[in-house]
Amino acid sequence: MSHDAMLAMLADAIAQRLLRPLDLAFARFIGECDPQAEPHLLLMAALTSRQLGDGHPCLDLQALDALAEEQGWPNAWLDLLDTSPPPASRLLAGADGLPTQAPLVLDRHRLYLRRYWQYECGVAQGIIERLDKAPSHAEDLSDELRRLFPPSTNATLDWPRIACALAARSAFSVITGGPGTGKTTTVVRLLGLLQTLHLRMQTAQPLRMRLAAPTGKAAARLSASIAKQIERLDVTENVRATIPLEVETLHRLLGARPDSRRFAHDRQHPLHLDVLVIDEASMIDLEMMAAVLETLPPHARLILLGDKDQLSSVEAGAVLGDLGRRAEQGHYNPTTASWLQTASGDDVSAFIQADAMPLDQHIAMLRSSHRFGATSGIGRLAAAVNTGHAADVNALLNTRSTDIAWIPAGVSDPSFASIMLNGDADRFETASSGDAPQGFRFYLEQLRQLRPAMDASDAAYRSWAQNVLEAFNHFQVLCAVRHGPSGTEKLNRDIAAKLLAAGWIETDRGWYEGRPVMMTRNDYSLGLMNGDVGIALRMRGPDGELRLYTVFPMTRESLFARTEDSDAPVRCVLPSRLPDVETVFAMTVHKSQGSEFEHTALVLPEDPSLILTRELLYTGITRARRWLSLFGTQASIEQALAQRTRRYSGLAERLALM
Ligand SMILES: Nc1ncnc2c1ncn2[C@@H]1O[C@H](COP(=O)(O)OP(=O)(O)OP(=O)(O)O)[C@@H](O)[C@H]1O
């Protein structure tokens with residue numbers, strides 16, 4: 001087969017949506033650089049590029065059959081790939097990365113674009129270097145650990161204390177756990193412990209500690225949660241004052257620059273810090289993690305917090321998932337177990353495994369949720385989904401409960417309208433607390449009822465806007481998909497039409513008061529990040545006139561943009577300055593990562609979809625703090641339970657081998 005014939009075949013595949021134009025362009029580039037290259041190297045190049053679109057940093061040559069099935073490849077591709085190993089070419093480097101100019105790298109059975117191979121090697125190297133740093137002595141930590149985590153009468157292991165001890169032991173650690181399992185509480189105590197011990201040494205300079213999260217929303221949530229925890233922390237005022245309250249986005253931390261992939265900080269310009277905590281680490285993709293590790297000074301500690309069972313990052317890689325694969329069983333070695341016994345008094349001998357690896361010694365999983373008590377339907381449903389037990393999931397959904405309503409007919413059921421508008425408390429067993437789930441009427445009512453008088457002060461308008469934004473957070477519709485009858489695009493149109501018909505909004509086209517919008521890209525000049533949510537409200541302009549602005553919560557990012565009064569609780573942007581937003585009565589589960597809502601309506605597609613996986617269902621369910629309305633047929637739920645999100649990556653193997 002000639003290059004031209006191969007490229008023509010790949011061009012056909014674009015029409016069938018099997019490849020992206022970008023993938024073909026890369027194959028063509030390979031062909032142009034090496035006219036002697038075997039044609040099937042062009043196919044491999046296109047497929048390696050295509051994998052990135054599905055979140056896989058590499059083309060796993062041992063998983064071709066599974067990929068072919070998932071991605072619907074024609075048999076001819078498999079025949080070409082199966083029969084021949086990757087052909088030698090000066091464009092294909094080996095596992096040593098040589099020749100350095102080659103754009104493709106074959107490392108064991110994985111084919112990478114060089115850039116992603118470098119990211120993966122960089123992440124593995126950065127982590128391994130930190131594992132080797134001299135561990136703290138157990139005796140040094142013991143008193144502080146016992147003070148910060150007083151012994152409980154409960155016979156079960158104190159996982160937060162174990163996690164804190166392991167994180168204090170070395171320069172790299174992962175604390176994973178579901179919602180409300182105490183990750184923030186643990187890390188605040190950890191920061192208190194590290195600083196207390198540090199300040200006891202003669203070097204009186206306090207540790208420089210910084211906190212970050214992948215999105216503005218996640219950063220704001222962690223900020224609020226840290227503030228509460230610090231108040232209760234049992235440390236000296238000196239120490240308390242050094243624990244940061246501000247959480248910044250990773251982009252801001254690294255010094256993102258508009259229109260550039262490069263950050264202001266890199267290996268030559270490292271971050272000035274001693275301890276870095278990153279929350280919602282499941283959302284960090286491989287490229288971002290490589291950038292973080294590259295910019296960390298060699299002595300600095302890195303602590304990752306997150307839920308390993310959530311959906312992976314939108315971009316390629318599944319770093320937290322790869323790191324946390326073995327967390328459930330602990331996989332500690334006898335040295336760690338004995339170290340923990342001395343440091344924290346915890347006996348993890350039941351979690352010793354013969355195949356323990358160095359990385360396992362740095363990972364702890366928190367196991368009991370303080371948010372969802374033992375009787376919480378949402379907590380139990382999330383756990384059952386995680387294990388994939390369809391019978392348990394069915395039993396929970398079929399039992400009337402205080403916090404879950406299941407609507408098996410999906411969004412075509414008339415109840416969608418009443419749940420979306422009012423929350424429909426009758427669908428839930430009445431809880432003793434007496435308060436009830438809300439729908440969109442709640443924030444629209446606040447918008448109307450609390451609206452300040454025409455001549456009210458700017459401060460009154462801003463405080464009203466803040467209330468409306470907070471009220472909007474009570475309820476959110478989440479969809480698995482964007483397109484189709486149960487996708488965000490249609491539901492956003494339907495919901496707006498219903499709110500218009502019910503008289504809650506003045507139009508459902510263009511900009512109208514009450515329109516909730518989400519940023520679809522980062523805008524550094526405005527200090528608004530992809531995923532930030534604002535609401536259009538009539539606010540007072542600088543000339544004193546009332547006009548429609550989009551109001552966003554004030555975040556640390558907005559302060560950097562320095563466009564407004566930094567003490568204001570909200571910031572106002574003219575809609576004309578926001579070309580990249582979409583209406584967000586309904587958002588995808590992917591976009592909802594890092595956010596939580598009191599009441600979540602989770603909508604599953606009726607038709608089989610590859611997107612519908614166990615991780616997606618789990619992530620959607622756990623966005624609900626108190627009430628979950630689940631719209632989905634039994635078949636769609638079972639499909640989600642049966643399908644796993646799989647990311648082909650060499651990171652776990654690389655960490656095990658290094
Ligand atoms: N050991 C504990 N005993 C009782 N309550 C606790 C304990 N640890 C944490 N909590 C409470 O449980 C709630 C959740 O804790 P925390 O915010 O630390 O969890 P998280 O895992 O960070 O949650 P999120 O899923 O929101 O990230 C908080 O209100 C916290 O005060």
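Glycine residues also receive a Cβ, built from the backbone N, Cα and C atoms like all the rest.
Heads up, TrEMBL stuff is auto-annotated, nobody curated it.
What TrEMBL records for this protein:
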- 169-379: domain 'AAA+ ATPase' (DOMAIN)
- Gly177, Gly178, Pro179, Gly180, Thr181, Gly182, Lys183, Thr184: ATP binding site (BINDING)
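Where TrEMBL records a feature, it is marked here on the structure.
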residue	record	contacts (Cβ under 8 Å, 6+ apart)
Gly177	ATP binding site	Trp159, Lys183, Asp307, Met365, Leu366, Arg367
Gly178	ATP binding site	Asp307, Asp309, Leu366, Ser369, Ala382, Ala383, Asn386, Thr622
Pro179	ATP binding site	Asp307, Ser369, Arg371, Phe372, Ala382, Glu596, Thr622
Gly180	ATP binding site	Ser369, His370, Arg371, Phe372
Thr181	ATP binding site	Leu366, Arg367, Ser368, Ser369, His370
Gly182	ATP binding site	Pro160, Leu366, His370
Thr184	ATP binding site	Leu222, Ser225, Ile226, Gln229, Asp279, Leu305
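Candidate binding-site residues: Gly178, Gly180, Gly182. Those with a Cβ under 6 Å from ligand 1, in sequence order, are Gly180, Gly182. As a whole-number mean, the pLDDT of the domain 'AAA+ ATPase' (169-379) in this prediction is 91.
Taking all protein chains in view, 26 other C-beta atoms sit within 10 angstroms of the C-beta of Lys183 (ATP binding site). Surrounding the centroid of the Cβ atoms of Gly177, Gly178, Pro179, Gly180, Thr181, Gly182, Lys183, Thr184, where the record places ATP, the chain contributes additional residues within 8 Å, namely Asp307, Leu366, Ser369, His370, Arg371.
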